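Engineer: What follows is a single structure, and I will ask about it in a moment.
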Amino acid sequence: MFLPPIIMLMTMILMVSTLMAISSSNWFFIWVSMELNMLSFIPIMLNNNSMLEMEGAIKYFMTQSVASSCMLMSSLMMWMSVLNCEKFNLLLMFVIFMKLGTFPCHFWFPSVMSSCKWDMCMLLTTWQKLIPIFLFISIINANNTVIMMACILNMFIGGLFGMNSNNMKSVMAYSSITHMGWLMMMKMVSMNLLMFLYFIIYTMMVIPMFITLKKLNMNLYKNFMLLNKNSLINIVLVLMMIMSMAGLPPFTGFFLKLMVMYNMVSISTTLMILLVLISIMSLYFYLNMSYNSLLNTYLNKGVNNYKMKKMVSLVSIFMLTPMILLMYAMTLFN
């Protein structure tokens, strides 16, 4: 099935505007690229013309418009010498947090995610975060205390609200907020390259997750108990992807968090222990999903153990390959 021409055009503009923003050094050009990115993404969101998607598009437009206005105002005030560099950095960081959908501007993100189709949710958590992450890495130069508090609260809010959500799209939104907290923590140790590496590996983990959830139409928590013996492959795939997202060894997600903790030791061991304790909350809703799918698998008497072992082996090889690359990267930055 081919996409309508207008959607294909908007998709091309979306990709080009993102590449323009991350490759530009001109402040105004970056702002224009961000506006093009927003205006091209909204028609893609409205592809199915449903009322729920329209509501999500309006929320997305209002939030991004406020962030863009604040960004333009802060730039003008900086140019007119009304703001000093420190206040400008704080205001710009607030704008980036709003664009990313992280604390303290996270309220719109789960709401918009729950209003969108799975395809749009995947774009919101991956491609649409490229420009804000680029700005955060290349421009933000705030003190470590502000970044540290933002990261800790992102992990806490993501885990707390994720535990109390029954909508899978909202759960994935809070999972993204949690991972953004881990990613931004790398800014404290000035590991910009590792921040990009974290985001790339996170994208590699989350895209198959969204594709599988879309295929199985897993919109609610209780849908995990509806998987039957005929979807054994899907059960195994979902289980292993959830455990990787949770950061359990020996999956790739564990080495992402290990990479952050490895670099955090040089700053504060107490902070590192606090991060581990906070991550237990997000681990809860991941393991809850794993428990539901795994329990349902063993309750089905028609499960073929040979097929199960074969599929586990194949998926393990596929998921452990990025882990090996991460281990090699950690040795380079030692």
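Every residue, even glycine, has its Cβ placed from backbone N, Cα and C.
Reproduced below are the annotations present in TrEMBL:
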TRANSMEM  5-22  transmembrane segment
DOMAIN    24-280  domain 'NADH:quinone oxidoreductase/Mrp antiporter transmembrane'
TRANSMEM  28-46  transmembrane segment
TRANSMEM  58-82  transmembrane segment
TRANSMEM  88-109  transmembrane segment
TRANSMEM  121-140  transmembrane segment
TRANSMEM  146-163  transmembrane segment
TRANSMEM  193-211  transmembrane segment
TRANSMEM  231-248  transmembrane segment
TRANSMEM  260-287  transmembrane segment
TRANSMEM  311-333  transmembrane segment
Engineer: Do we see three or more Cβ pairs under 8 Å linking the transmembrane segment (121-140) and the transmembrane segment (260-287), pairs being at least 6 apart in sequence?
Structural biologist: no
Engineer: Can you work out which residues elsewhere in the same chain, 6+ from the ends of the transmembrane segment (88-109), have a Cβ less than 8 Å from its Cβ atoms?
Structural biologist: 34, 59-60, 63-64, 66-68, 70-71, 74, 77-78, 124, 129, 131-133, 135-136, 139-142, 146, 150, 153-154, 157, 173, 176-177, 180-181, 184
Engineer: Which residues of the same chain, at least 6 past either end of the transmembrane segment (193-211), have a Cβ under 8 Å from a Cβ in it?
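Structural biologist: Residues packing against the transmembrane segment (193-211) from afar: 118-119, 121-122, 125-126, 129, 133, 137, 172, 176, 179, 182-184, 186-187, 237-238, 241-242, 244-245, 252-253, 256, 259-260, 263, 322, 326, 329, 333.
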